[in-house]
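Peer 1: One structure, as structure tokens, below. Some questions next.
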Amino acid sequence: MSPPKENVSLLFKLYCLTVMTLVAATYTVALRYTRTVGAELYFSTTAVCITEVIKLFLSVGILARESGSLARLITSLKENVFGSPKELLKLSVPSLVYAVQNNMAFVALSNLDAAVYQVTYQLKIPCTALCTVLMLNRTLSKLQWFSVFMLCGGVILVQWKPAQATKVQVEQNPWLGFGAITIAVLCSGFAVYFEKVLKSSDTSLWVRNIQMYLSGIVVTLVGVYMSDGAQVLEKGFFYGYTCFVWLVIFLASVGGLYTSVVVKYTDNIMKGFSAAAAIVLSTVASVVLFGLQITVTFTLGAILVCVSIYFYGLPRQDTTKIQPSETKSSKERLVAV
């Protein structure tokens, strides 16, 4: 039996999506800055690991507030976290996916401008849309499908002749950056697995987060050992960390928690489209900080992506509800008018 639908106001949804947009834009620009400015380059794998640790502590704090007492908090952790090894194992799957996705963001932003990254990363929307249809038994309207293809066209225009940043002196490999984004996009599409886990049970959102972040810490520590183990032992876990690196980690932590909230009360597609609005903010910041030279193709591509966001919102369908198993006739069509 599916859990009752959460009663959430439109104002709260708009608040979550607005914060997600601001965090996404600031995070992208700050991460790009830390990967292209500074003599001592930090280990991105350790940053991803620290992010998981911070998100774990924040989730425990929020769960403690929800529980109301230390005794109830301990009981909840014993029953739902330490007493549920199967749940921890199940959530290790999205933990691994998110770890790969987060590490690919560092690789991509080391080789692509923040604005170009923001536009190209929106390929996660059609990927997520397809996974949503296949895994959550949802349908999209013709206009929604049209907006998805329009977004893809916009990304192609942006990548056709990428804008150049004149104030970035480090060596970059655009093909490596695009390859990293491609992997991150595939991982983002698979994130609907976590959405299905959240919405198919009445377990507290923060309990689910704790379960996933515990698995995430283990996964990211393995990543540190496999990728940078020798150098971390030689130079230290926090080598190259500056206040801007800590800002990136903080934004990633807050963004991760807000992602969980948005996934719980809206869906991954809406989250992806809200992130697309950060393109404008990232572009302005890139022009000021990195001397980004805006091209005609970049401008047209970014406009197409933003217009696709507007078109997607026109049907005003309720995409927050997991529909029951479809009948034979409804399975014969993926597009609902």
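Here, residue 1 is simply the first one shown, and the rest follow in order.
Glycine is no exception: its Cβ is also placed from the backbone N, Cα and C atoms.
Below are the features listed in TrEMBL for this protein:
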- 12-30: transmembrane segment (TRANSMEM)
- 42-64: transmembrane segment (TRANSMEM)
- 143-160: transmembrane segment (TRANSMEM)
- 175-194: transmembrane segment (TRANSMEM)
- 206-226: transmembrane segment (TRANSMEM)
- 238-261: transmembrane segment (TRANSMEM)
- 273-292: transmembrane segment (TRANSMEM)
- 298-315: transmembrane segment (TRANSMEM)
Peer 1: Which bits of the chain, at least 6 residues beyond where the transmembrane segment (175-194) starts or stops, bring a Cβ under 8 A of a Cβ in it?
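Peer 2: Answer is 91, 93-94, 97-98, 100-101, 104-105, 107-112, 117, 120-121, 123-124, 127-128, 130-132, 135-136, 159, 212, 263, 268, 272.
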Peer 1: Are the transmembrane segment (273-292) and the transmembrane segment (42-64) near each other by the rule of at least 3 C-beta pairs under 8 angstroms (pairs 6 or more apart)?
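Peer 2: As far as Cβ distances go (cut-off 8 Å, pairs 6 or more apart), the transmembrane segment (42-64) and the transmembrane segment (273-292) do not touch.
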Peer 1: Hey, which of 143-160, 206-226, 238-261, 273-292 has the most Cβ-Cβ pairs under 8 Å against the transmembrane segment (12-30)?
Peer 2: 273-292
Peer 1: What parts of the chain pack near the transmembrane segment (238-261), using Cβ distances under 8 Å and only residues at least 6 beyond its ends?
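Peer 2: For the transmembrane segment (238-261), the sequence-distant neighbours (Cβ-Cβ under 8 Å, at least 6 residues beyond its ends) are 16, 19-20, 23-24, 26-27, 30-31, 33-34, 38, 40-43, 46-48, 50-51, 54-55, 58-59, 102, 198, 205, 208-209, 231-232, 271.
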